[in-house]
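Colleague: First the structure, which I've put down as structure tokens, then a few questions once you've had a look.
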Amino acid sequence: MGKCHFSVMCIVCTVVSVVSVAILVGIWTFQFLKPAKTPVALWDRYRLPDTLLPEAYYITLWPRLKPDHRGIYIFTGNSSVVFKCVKDIDLILIHSNKLNLTSAGGHMARLTTLNNIPEPAIKSTWFKVPTQYLVIELQSKLKAGESYRLNTEFVGELADDLAGFYRSEYIQDGVNKVVATSQMHPTHARKTFPCFDEPAMKAVFHITVLHERGTVALSNGQEIENRNTTVNGSAVTITKFEPTQRMSSYLLAVVVSDFMSMIIFFNVQIRIWARRKAVSEGHCAYALNLTGPILNFFENYYNVPYPLSKSDQIGLPDFYFGAMENWGLVTYREANLFYDPAISSNGNKEQTATIIAHELAHMWFGNLVTLKWWNEVWLNEGFATYVSYLGADYAEPTWNLKDLIGLRNIHRVFAIDALASSHPLSSKEEDIMKPEQISEVFDAISYSKGASVLRMLSDFLTESVFLQGLKAVDKSGVVLLPMSVDKIMDHWVLQMGFPVVSINTFTGELSQKHFLLDPESVVEAIPVLNRAQIVDDAFNLARAEIIPISLALNTTKFLLKETEYIPWQSALDNLDYFYLMFDQTYVYDSMQAYLKKQVTPLFENFKTITMNWTKVPDAHMDQYNQVNAIKVACSTGVEACQNLTADWFTQWMQNPEQNLIHPNLRSTVYCSAVAAGGATEWEFVWEMLQNANISSEADKLMTALTCTKNSSLLQRLVIRPAGFGLLFGLLLKNGKNCKTIIP
């Protein structure tokens, strides 16, 4: 290297060095001069500190089933929580939300010790509303290793908001009835009593309920004492329950009602609770007979006996979720628990079977072994969704329910997981802190993708290896799997979306390339599940603009010869999206004409195998596809179908006391008749809705009312707030109804 070059380099190095030093000095000066970051106070954090651990709760609740002088329903109660101090601290944080705490000695809580040591005096108590804490500041520190007792008394509103301890109402023989019931999951136990309301904060619950004489109180444990007494001039019954096992606060359940039950013993006491009319009419019999076999299946599957002394399940008139796995007292929306063979369809029956199996699966995975924090909800709900098909398949072996997990979950979630708004199965703990963030993770990704990924894991490990890993679940709730499997699953759990991979079998090269078979080829040569998957893959790729829509539509050409349910349902699920997109455009009529052509052979096929619609197909899947055949044929204008459903509906209108329309077909026939008819048909369905005594039939009638094209009739649909979500969703399914909802 020449001398000149060396000199230039020296100059450059000197300049760079000076600049670097200046930058470093500037950074150091900025760091030194800027104000120190203020630590976040413990009561401003949404997670509880790791200083206290609950051991037991002693809770008494008294719901009033009649409004007070202000017209408000209330409940009163007291709670005593025994907790252990893990680290010395002069602060107690305990969740409390929307409770009025009774002041004693100038404070909203009373602290005592369980040993012969003086307890710290309370300096102040106050609420931190954003983080939903009762804050208790102490004059001295709690001692690590010691146990203490915190007592509170409180009044809460027994509101109709479907959260915490709330009320549900229904009409029986013209009389308004009130039920006090609960939904603690995920963060509503704090709305019922002060508690350490996090899933890892397990404790034993001792529950006592005061209630009107003539009503029945239920909770997680078995009733161990019932006695009548008078409290403050009110004649009440006091019911005490056996202590629960150690469990999370979100699993607590309390119900007070005048319901009746059906009971059976199947290694354990099984009871189904419901409105008296529902019990007397046999709507609970199917659930009762199904529960024992499903519990037996899961005992063998987990290789752990059912851990409780009883299994109660109850159908509620107003319930936010489809069901809730409260340990020992599972709560359901009525439509998901009741089954009437004279009214309910096979779809209703399957829904009841799979939802019961889902909730009972949680008795082990979720309740006995519990997630540490809500960022891993997918493992809890995804697993229960996956094994619900196994449990229901065991109880109903002729239905082939295992095949439906693809249609109900894998296909469903592909479209959602392909969106930019999707999210990974697992999130960082710090990203899921606030109650509203926790509620948001209970979505299709957690349930359906979680189930799909676990099914995939079971398939490539084999079921026996998967079960070995499951049975090795340790007490902390960690599934013990080989490290290689852990690395493989990280890609599916920690990343959103899914891959579309093609393999060149000659070179072994992998590429992002979609594979489509010739739709005109022999349909039966491709297995039924693969036929459905090809359609679903193609439409998802089209929505992502990876392939043309025309190419996706080409995969539906084989429907002309298709008679199986799963491929048809996969196609219809995907076509629904494009119908919504092309509604009120010039393309719509062409789509209708095409689908009419494709479905006509299917309609004629079912006309033949049902002997001109006089019988029901024998196979479970064929019963579903018969509904598809009639629904699509009528909606696309197949005249024979429209005449058929109109005749059936007219016969019912002429004799309302005798509905001869098969339960499987009622939703389709009702909707078709209302859509093609006018005010007369709509008014008839409205009248039938008022008289419906089983929720599954009421849901079908409500759905049918939204099928009308008359906006003035739609505006008459006013229902209870608890059912507005259902109505809103039904209206949105018909794009033409959007103007009715949002003028």
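Backbone N, Cα and C atoms are what each Cβ position is placed from, and that goes for glycine too.
Found this in TrEMBL, in case it helps:
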- E359: active site, proton acceptor (ACT_SITE)
- H358, H362, E381: Zn(2+) binding site (BINDING)
- 54-251: domain 'Aminopeptidase N-like N-terminal' (DOMAIN)
- 286-472: domain 'Peptidase M1 membrane alanine aminopeptidase' (DOMAIN)
- 524-717: domain 'ERAP1-like C-terminal' (DOMAIN)
- Y447: site 'Transition state stabilizer' (SITE)
- 6-30: transmembrane segment (TRANSMEM)
Colleague: Give the distance between the Cα atoms of Y447 (site 'Transition state stabilizer') and E381 (Zn(2+) binding site), rounded to the nearest whole Å.
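Modeller: Each residue's Cα considered, Y447 (site 'Transition state stabilizer') and E381 (Zn(2+) binding site) end up 5 Å apart.
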Colleague: List the residues in the vicinity of the Zn(2+) site, defined as same-chain residues other than H358, H362, E381 with C-beta within 8 angstroms of the site's C-beta centre.
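Modeller: Along the chain, the qualifying residues are E325, E359, A361, F365, G366, N380, F383, A384, T385, S388.
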Colleague: On the three-state reduction of DSSP, what should I expect for E381 (Zn(2+) binding site)?
Modeller: helix
Colleague: Do you know offhand how many angstrom separate E381 (Zn(2+) binding site) and the residue listed as 'active site, proton acceptor' by C-alpha?
Modeller: 10
Colleague: Can you give me the same-chain residues 6 or more apart in sequence from H362 (Zn(2+) binding site) with a CB-CB distance under 8 Å?
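Modeller: Sequence-distant Cβ neighbours: E325, N380, A384.
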Colleague: What average pLDDT is reported by the model for the domain 'ERAP1-like C-terminal' (524-717)?
Modeller: 91
